[in-house]
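Student: Reproduced below are the annotations present in TrEMBL:
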type	residues	note
DOMAIN	55-423	domain 'Ammonium transporter AmtB-like'
TRANSMEM	7-26	transmembrane segment
TRANSMEM	60-78	transmembrane segment
TRANSMEM	85-107	transmembrane segment
TRANSMEM	119-138	transmembrane segment
TRANSMEM	145-164	transmembrane segment
TRANSMEM	176-194	transmembrane segment
TRANSMEM	215-237	transmembrane segment
TRANSMEM	303-320	transmembrane segment
TRANSMEM	341-360	transmembrane segment
TRANSMEM	385-410	transmembrane segment
């Protein structure tokens, strides 16, 4: 009862806070509204925001809500509760991200002007939070989940602002700012929250999957195939660059899926992979195209990248995950290290390599869309490639420090659950049938 009341009180406080902040700061963007633009505002981006109208935002939002929500629903001990909490996190994080990102990107004349573009950016940030929660499922209560979202939105926005605005990194599909940051942020929170006496008693929730129906994984995988290309190309408003991002994403997706059917039967005693493994490979193939999606990967290059990402996922679960648990004391119930972290790093390295090939001869008019500073002559190809590469360790550093800080906050005595052997499971905050747990 105390846990339920604490969650109810926190939800009430943060929603009232959001309402007050929205009342003071947030206004609709004149760039996305019809009619005459006020002279004190810069409306030169009106046409750009029109490229982010409802169909594209709807695709991105469906992908965030359903794909990530269904990712955790198949877990045996805490799937239903985690799926519900994922919806709560999305509802809070989108509001909070509009505010925090608004102060960095859309703050003019003392107001935050929000439109479809800012909502897409908020969805990106929310996706990073949902990735992180996959590393701490069963280790934190809903109150801690909300506080994790509150802190991570701030740190994720800071990382994105440094990389994209200050450094000029090209990462339209967010290999670094969403996949890599979200994965290693969550893993560091999991490490700080490590409790030996409970970890010996509990095994990872993913091990319960083989006894569960894979219906949720099937539906989640289908939604990934349908809507993720819109996610990769959501920040690309120009048709030429958008076509590259969508096609490269699809080529990577199909290759990573085939790779799973090649490797999983070798690593596991199964004739074909389970749907959960196919879903993991699908995510890995999509994550690797985050940075390189709008670059000149070429179709066969996208197939190679997706194939490698599809191999990383099963190899990671077979070899890396036990090492994370036994040596580094990191539990990873949803395997975010293998389906977001490692493919995100691979995508950043691929993006760096492709940057070295970015010239006016190879890109033509698209060079200004993908690398505007190169087209303007402000940077050389080598300088841009070095900046793309340096963004990787910077992201890992910010994710590690931010995860440690957040984990320390969540570990305080006032936020921890009472010592209950069942607190990791749904039976505390969610009504379940014990026969199906």
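Including glycine, each Cβ sits where the backbone N, Cα and C put it.
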Student: Considering only the recorded stretches 7-26, 119-138, 145-164, 341-360, 385-410, state which has the highest number of Cβ pairs under 8 Å to the transmembrane segment (303-320).
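Tutor: Ranking 7-26, 119-138, 145-164, 341-360, 385-410 by Cβ pairs under 8 Å to the transmembrane segment (303-320) puts 341-360 first.
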Student: May I ask you to check whether the transmembrane segment (176-194) and the transmembrane segment (85-107) make contact, with contact taken as at least three Cβ pairs under 8 Å and only pairs 6 or more apart in sequence counted?
Tutor: no
Student: Counting only residues 6 or more past its boundaries, what in the same chain has a CB within less than 8 Å of a CB in the transmembrane segment (385-410)?
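Tutor: Residues 132, 140, 144, 147-148, 151-152, 155, 158-159, 162-163, 167-171, 176-177, 180-193, 291, 345, 348-349, 351-352, 355-356, 379.
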Student: Is the transmembrane segment (341-360) packed against any residues at least 6 beyond its ends, judged by a Cβ distance under 8 Å, and which are they?
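Tutor: For the transmembrane segment (341-360), the sequence-distant neighbours (Cβ-Cβ under 8 Å, at least 6 residues beyond its ends) are 170-171, 173, 175-176, 178-180, 183-184, 187, 283-285, 287-292, 295-297, 305, 308-309, 312-313, 316, 320, 367, 370-371, 374-375, 381-382, 384-385, 388-389, 391-392.
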Student: Restricting to the same chain and to residues at least six past its boundaries, which positions have a Cβ under 8 Å from a Cβ of the transmembrane segment (85-107)?
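Tutor: Result: 11, 14-15, 18, 21-22, 25-26, 29, 64-65, 68-69, 72, 113-114, 118-119, 121-123, 125-126, 129-130, 133, 142, 145-146, 149-150, 153-154, 157-158, 160-161, 165.
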Student: Could you please provide the mean pLDDT value for the domain 'Ammonium transporter AmtB-like' (55-423)?
Tutor: 83
